[in-house]
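Annotated in TrEMBL:
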type: BINDING; residues: B:7-20, B:101, B:164, B:189; note: ATP binding site
């Protein structure tokens, strides 16, 4: 059976994502298409604009067969943690092909690059350490070390300064580390750069961040028609009417309260609080009226915007280093099912007995310890975005079913 | 020099308080009148309706000469902790007479009662332990044990079921424990019962709680005219216009967020979290839409409303058992000056060199460790009540001066 796996955030699901789904169907003809998706918070450390349940509906409507939640600890992690968690889940799900979009669009240079880094590990690590010691941020130090390694050789390599190339690189590294038999496949992304906010009113594909910006600006939602599938657009319109579209500014008062009520020692116990950055948070929080202003004040060359943003997410969800450590050392301990088509359901009923970790369809009141960070993050997201009055709540929410 | 001391909350300052000030002036002719006042949170575990700086202005305008803040750990403590901290401060301030209002209004029965409890300590403590073991709340167990002691004798005793009598009893006990030479004096209170919410539109004295209720109801502020001094009324009107009058419902979303993001173990580290009450908080928080509803769900015979309310205040301000323990074992370590009249200023300049603990007029950025809980509580109160944009902030706020 051919099972294609993708790693997604769908924040929100738009025509670029739809293009990827169709491309995979057309090129690979998979029997089932499985997505591992971030929950309510994303890898860049932002609350998703709309909850994971709605994003699951969008994905199912567009033809994805199974949506499995990437646990919070991995979803809001550095690229290597994110990739490691997602690849492990796809591997547990018996995925045969891992498909990812990239700026490059061909797989060979990725494999060359991985090979090259592996063969020059010492050179790579020395360059990384040298860059870090100069106070350069981790992603930039990683890029510099990589550059040092590939300049040694004449083969074709992938440009890791491009964000989707970089993610793909981490996926393939994770496949190798997992000794998984999954075959990596890449297609060229059809959209503006990942974080490009430019918005072309005539184009049918716009980046997720430009769509989010449009939703938060005063502009009419009509501008978005033609950029998202109908299900995505109508769910967004519905939630916008209820005042439930979320960005960091929505949650900022709670972050501010949390930091004001914490000591430096307490903040130091939070995931990604390193090298005394907690003192900068405490120094600037009092005078900050918005999240944007706060991050502009705290950010330095060493502490990038995204790194601080992830730290702020962990502060908001009160996720401790001790919790993240256990998760990172071990591997994801469960498969949390968010949604399934009839095909997805069939796939699960055929294969779930062979899965090495449990498939969790509903979180019960009494649940395994490992689910605590996910449940906490979801409850906080639901409460702060005005969804906590909903039935069912996160505990007891059944998977979304589609087309059965 | 005759220095009269009072222990107050002024939440808000009303005609009953004005009556007390005038009565003291008329009966005792003190050279200076000193008040130890709660900060932004009160002994019953509520945020004050209006900040301590405004309440300081009210008190100065009504003729109090010095206002010293009762540190948070004592202000939001059980009656014995509250009384112990306040009496210690008055003692440091060289107060000669401690004056308190009571339902009874005569001092002899108080002294009889204290003597009686002292002489029958074993009987008292056995009765207390027996009552507590039946799951009765601390205040009720205390009252029952007291009843067991006084029924042994024929002298006149004070009825401790009345709240101001009970506070006075704790004040005198604290004087004795401190081996202080302060003379306790009591006057009969002229107002409805302390927590009586009944509001008589024609009476010139209404309870603080009935005034707060009136301020939060839709009724016009004109109803309050004649029940508060002019300064109190105009400050309340001004703050109401700015939307800054505070009750628990104002702060409830932040309490809810805090509890949702905490584990039972973490809540168990908070002051007054005892006997597993944290599990009840976690059980009921998700379904609670208001503070009132939440407390109604959590409350039991053993966990009284006020006890849970204080616990909620400590959760909101994130005050740990470790912090409270240090404070209770030691005594208040400083005198925090909130405001002074010319007379008060003169008193301080004459005597402050003889004070055994430092007088703090302004909290600096770098401050002694002991001030941390106070500063944190004030910053949280200011932020959540919409005051954090004010200059000066709690750090660097000078004492209020009046009439000089």
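Residue positions begin at 1 at the first shown residue.
Heads up, the Cβ atoms here are built off N, Cα and C, so glycines get one too.
Features per TrEMBL, on structure.
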residue	record	DSSP class
B:7	ATP binding site	strand
B:13	ATP binding site	coil
B:19	ATP binding site	helix
B:164	ATP binding site	helix
Fewest Cβ neighbours within 10 Å, where candidates are the binding-site residues B:10, B:13, B:19: B:19
B:7, B:164 as binding-site residues, winner by CB count within 10 A: B:7
All-chain count of other Cβ atoms within 10 Å of residue B:16 (ATP binding site): 21
